[in-house]
Amino acid sequence: MSPLPQTSSPLRRPARLAVNAGLVIFLALYAAIAFLQPNYLEPGLFMNFLRRAAPLVILACGQLYVILTGGFDLSMGAVATLAVLAASILINGDPETTWAVIGTLYVMGIAVGLVNGLVVAFLKVPSIIATLGAMLSVNGLALAWSGGAARGDLPDNFRNLGRLVWRGVPLVGTLPLAAVVLAGFVALAWWGLNGTVYGKRALAVGDNPRAAELAGTPVAATRILAFVVSAVSAVTAGILIGGFSGVSVNAGEGLELQAIAACVIGGAQLLGGRGSIWSAVFGALSLFALFTLLNLIGLPQALRDSIQGVILIAAVGASLWRTRRRT
Amino acid sequence: MTTDIAKNKPAARGLPVAVLLAGLSIGFFVAVALATGEVAQLGGQGIVGLLQRMVALGLVALGQTFVILVGSIDLSVAALISAVAVLASHVMQGDPAMILPAILLCLGLCLAVGLVNGVLVAYGGINPLIATLGTGLIVQGVLAASFGALQGAVAREFQVLAYGGVLGVPYSILLLAVLSLAAAFVLDRTLFGARVYAVGGNPEGARLAGIRTERVTLSAHVVASLFAGASGLYLAARLQSGTPWIGRDGIYDLESIAVTVIGGTILAGGKGGVAGTLAGVLLFASLDAAFNMLGIDAFLKQVLRGAIVVAAVAIHAVRTKGHVA
């Protein structure tokens, strides 16, 4: 009777459920995987998928912190390589030292993150250049230290972090330790952005640093902390990678760009101001599902790069199209 | 009134940074040569060698300067360099008659990639980092997948570009010099150059002033791709045959951005120029040469290089007021 419904429906539309773009892409890709290989629907294989995707997801979470504050961290891959090589050199076959060495790895990571953050915040070097410099230096350092070749072996208790799988766990059957590490890290990263004031600060700084500063946000501290989180995530990922693929000099090669791509696919906005931890998680899972799918199809390794490029552009294009339609 | 206008003249743009940087680089090179007793490096041969180190990176960086000046960036150059080098050697197959078709085909490829980049960035509104990273990945993937079918070697006559010269000056250095002058002329003396600075400095203002900003951005991307192509052709001539990894191994994408920024071109666009970029390239070349003379090990070289990139940018960035991303 009344004309009210007609006027209110267009008004109500903006409040539609915000579904993460990365989740949609991930579900679509995983459905395709399950279609080709139905046993991927079993909890065991899904857990295995999570285990292998864990490093990329963790890296993406760290990268997201930096992206939210408006920067980039190109040094992640090098830090992951450093973690793997340093672990093998420092542990030197003695399982007793594993935990102390892991502590040392985090100290090294935090140091790199601090340097990145300080250079960006106080020397005003754009983060893309600052972290490029860090990438070259850290990579060179790791190679110089190890003599340019993978040396030594990692003891079992270190490698277990990446490859141990508990069997006979109720509900899921098998539970890889890496998946637990992954869940723990994502929970921590989520808490950092949603449970503390830091998340709001990061978004404010990324959106408009000058305005954030005038509003009393500690811009420099927010920036620096983001780089530290990113470096810590790189060390964590490095430990997991060392766990399941062993020592290699190019353990972390190219991971930094994959992490950035993952965040963007999940809907985070480069140069800051928009994104959530789910952008990173589902973006990274999508990217990894894509790799898995291409593997199953039997596409040559080389063409994967191309498909990744297409997906990257398409994902950003699609998110732009969505926001344009909304406004 | 007239003095106000004179103050805004672009003549002084970027010159101090360039001169300072070039002076420091040459000073460092000379000091190391004297200290290690490799005085021969200071003779004609040594200088030519130093300049020759600049060619590959210098050509890419000239193109990168254009895109950074309009406020964009190009990460696809490394893949494009590899693609051009492979394509040139495959098309030529050592046959001098195929030199011209090969060059035209390569530049055509660059034109296409540059157009795609430009359309994605300027008309699609996609962040340039993502757009060019994407196109770079696409090119790299196709190249690596089809490399098995793309063997070949460039013609002997084509290698003159890398090894031949006139009056002791290699053609490659002349090529870099001519293209640098052309780029500087375009940026400083033509309408297109003025538009590049306008679009990079204030895109909205440029649009309101009647400039079709999208076209300028698109053209800058095409220019960058063509310069990357020139660099790829030079590398093909030097190495006799291209591989799909020469661009990636040389980190030409990130290094070309680094030298451009070191030379005082700011990433936000609108400020900088060719002279600074060349000085940045000279810095990298003299560091390389000096490290070789000092016999510094390859990995330590990389560590120092990283630190110097940051320090070189910090020197002029530290005065920036406000925040950088």
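Every residue, even glycine, has its Cβ placed from backbone N, Cα and C.
Keep in mind that TrEMBL annotations are predicted by a computer and have not been checked by a curator.
Keep in mind that what you see is a predicted model, and the values were worked out from it rather than measured.
What TrEMBL lists as transmembrane segment is B:12-34 (among others).
Taking Cβ pairs closer than 8 Å, the transmembrane segment (B:54-87) reaches residues 102, 105-106, 109-110, 113, 117, 121, 128-129, 132-133, 135-137, 139-140, 143, 147, 150, 172-173, 175-176, 179-180, 183, 187, 196-197, 199-200, 203, 216-217, 220-221, 223-236, 238-239, 241-248, 250-257, 259-261, 263, 265-274, 277-278, 280-282, 284-285 in its own chain, all 6 or more past its ends. According to TrEMBL, the feature transmembrane segment maps to B:54-87 (among others).
The transmembrane segment annotation in TrEMBL covers B:99-123 (among others).
The transmembrane segment annotation in TrEMBL covers B:129-150 (among others).
The transmembrane segment feature in TrEMBL is assigned to B:162-187 (among others). Cβ atoms under 8 Å from those of the transmembrane segment (B:162-187) belong to residues 44, 48, 51-52, 54-55, 58-59, 62, 65-66, 69, 193, 196-197, 227, 230, 234, 237-238, 273-275, 278 of the same chain, restricted to positions at least 6 beyond its ends.
Residues or ranges marked as transmembrane segment by TrEMBL: B:218-237 (among others).
Marked as transmembrane segment by TrEMBL: B:257-287 (among others).
Long-range contacts of the transmembrane segment (B:299-318) within the same chain, counting only residues at least 6 positions beyond its ends with a Cβ under 8 Å from a Cβ of the stretch, are 17, 21, 258, 261-262, 264, 280, 283-284, 287-288, 291, 324. Here TrEMBL flags B:299-318 (among others) as transmembrane segment.
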In contact by Cβ distance (the transmembrane segment (B:257-287), the transmembrane segment (B:12-34); 3 or more pairs under 8 Å): yes
Positions on the same chain near the transmembrane segment (B:99-123), where near means CB under 8 A and six or more residues out: 72, 74, 76, 80, 83-84, 87-88, 91-92, 131-132, 134-135, 139, 154-155, 157-158, 213-215, 217-226, 228-229, 232-233
